[in-house]
Amino acid sequence: MLFGFFRNLFRVLYRVRVTGDARALQGERILITPNHVSFIDGILLALFLPVRPVFAVYSSISQQWYMRWLKSLIDFVPLDPTKPMAIKHLVRLVEQGRPVVIFPEGRISVSGSLMKIYDGAGFVAAKSGATVVPVRIEGAELTHFSRLKGLVKQRFFPRIHLHILPPTHLPMPEAPRARERRKLAGEMLHQIMMEARMAVRPRETLYESLLAAQYRYGAGKNCVEDINFTPDTYRKLLTKTLFVGRILEKYSAQGENIGLMLPNAAISAAVIFGAVSRGRIPAMMNYTAGVKGLTSAITAAEIKTVFTSRQFLEKGKLWHLPEQLTQVRWIYLEDLKADVTLADKLWIFAHLLMPRLAQVKQRPEEAAMILFTSGSEGHPKGVVHSHKSLLANVEQIKTIADFTANDRFMSALPLFHSFGLTVGLLTPLLTGAEVFLYPSPLHYRIVPELVYDRNCTVLFGTSTFLGNYARFANPYDFYRLRYVVAGAEKLQDSTRQLWQDKFGLRVLEGYGVTECAPVVSINVPMAAKPGTVGRILPGMDARLLAVPGIDDGGRLQLKGPNIMNGYLRVEKPGVLEAPAAENALGDVEQGWYDTGDIVRFDENGFVQIQGRAKRFAKIAGEMVSLEMVEQLALGVSPDKMHATAIKSDASKGEALVLFTTDGELTRESLLQYARTHGIPELAVPRDIRYLKQLPLLGSGKPDFVTLKSWVDEPEKQHA
């Protein structure tokens, strides 16, 4: 009777909802593994699961006075993780057919993300041969019974949702020692817990995710700031979003691709969310791509109107772009205020009270954003991402990294770059963190000073940018940083070592591609290995396609919720080319994306990038990575720039051409370094050409198309 009373009470107060297939809990050997977000998690599971399980409760908790009162509701056994017999007792309970609940994290989350997963829980699952049933508890972290005070807006009676996930099994890992088997079992359970979080991620649009963040973290929470040094709260950002969304309707049609050429600023965030709320699809224009690159982008995405700022064009010396790109209409944000009518103001006021009604009807799977590739191997391609793919990548990042509302991001990478958009804007906004948007990553003295002044805890950038920040920064500038993430290019050992020596900070390297929104893998404090780019994110499937001549590794192909909707190409303007990849049998499979990158997985699942498939030369029958050649040159001449191209060779098939800004670099110095570091002599180029400056794309990457055109031309033309 008491049990029924409390169940009805909780159902009324918290509107508890249970979803999933409860039949998964009816087997003979069941181990239930929920996440742990509040002090009432155990009560919720005891009241609403269709079975009466035994709870494994850590002895430090089970000895508390209040546990005696709960004994009538919850059947529990004390668990001391330091005593092997406690683990064996749990194994026996499972083998006897009692459903057992273990909280693998061992403690209530203090970040809102998954905490450390204890190996013991995984070992119990593997040793007992149990069916593992993950359960996700959502909403209890918003109660006053959680440990997230100050990180979320706590409420007395938030809605609580219990998700019962599909059952799985955790086989006993193969390892010579029991300690290693236990550790591997813990890692396998950690993966199961991460996949469970991804399985219940919200299915919503970008605009709905902004509203959800406002609800979760509070409308008065600061969320974005720029060089005006006036932080915007979620409420203020929403107001700007509604204003922009309303006015954009006058210059565009629903479903239209609209160009956005804007700097890193708070208003840019409002324009993005405002556009998507009203069914417009922002195409993020790379203003560093020049007239030629922008013309390709405009053609591929069939853009008719570009929204920009007079002040931005003035400060960036970009007025030549609207003067030359006359095939589109240019709308300036400064002029929009004059278009606001009384009806617009009333509409904005009404939708501040009912913000969900401001969104036009759309589905998460529909197009939300267009980004453009760098064009390093040809014309820039339009990469169409849906609400689903962008938000899935944000959720993947949140699943493995413990970002909280106490964090402050420094975002200097441009928003037209997928790294800058997803990691630099969407992730902090939707995590409750505050982000400082700075318009240029090239200000190597100013960025460190701002990191110090704004108390930033998260910094990310390319290896080049991070190396320069470290050189110009005071040793105390980065005292608050706890995450330093490198992506978009290979992290140089010199940069890694400089950060370690000067600041005592570990740079975490990641890997991504625009087509994957963009993060594919990343090292995090709980799972990091130098020389790799981390493990593939949860929710993604990965496979390697064999490449002739490469024995260790293969071409990486990916499938997952963060994969793009497809390409827009100059050759077929406006026609969406859905992702598809050829498998090992030669069949084309829809939904798979071929990255074109050659990688290998180590025994623990960490990814090592070996180079682009297109950037391998076949010399005397052997495959040589052009990236390895460039790393060789950097080892000899770390302060200069180097890029490698291929030319035909009558005797060996292909030969290497090294372009360098180091006029003193010789084959002899490269040979000496190669022999010392075990690099094959085939990777040492004979043709070394000096350039005062490498041709670069707007992204800062070498322009390999131009370099390839120079290979067969006389060297003097470009020296």
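Count begins at 1; order follows the chain as displayed.
Keep in mind that glycine also has a Cβ here, set from the backbone N, Cα and C atoms.
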In Swiss-Prot, which of 109-133, 334-358, 409-433 is tagged transmembrane segment? 409-433
If you look at how Swiss-Prot annotates this chain, which of 38-57, 258-277 comes out as transmembrane segment? 258-277
Chain residues in Cβ proximity to the transmembrane segment (258-277) (below 8 Å; excluding those fewer than six residues from its ends, i.e. six or more beyond): 205-207, 210, 224-228, 232, 237, 240-246, 248, 252, 283-285, 287, 297-298, 301, 303-309, 312, 316, 318, 321, 328, 333, 358-360, 368-369, 387, 411-412, 414-415, 420, 424-425, 429, 437-439
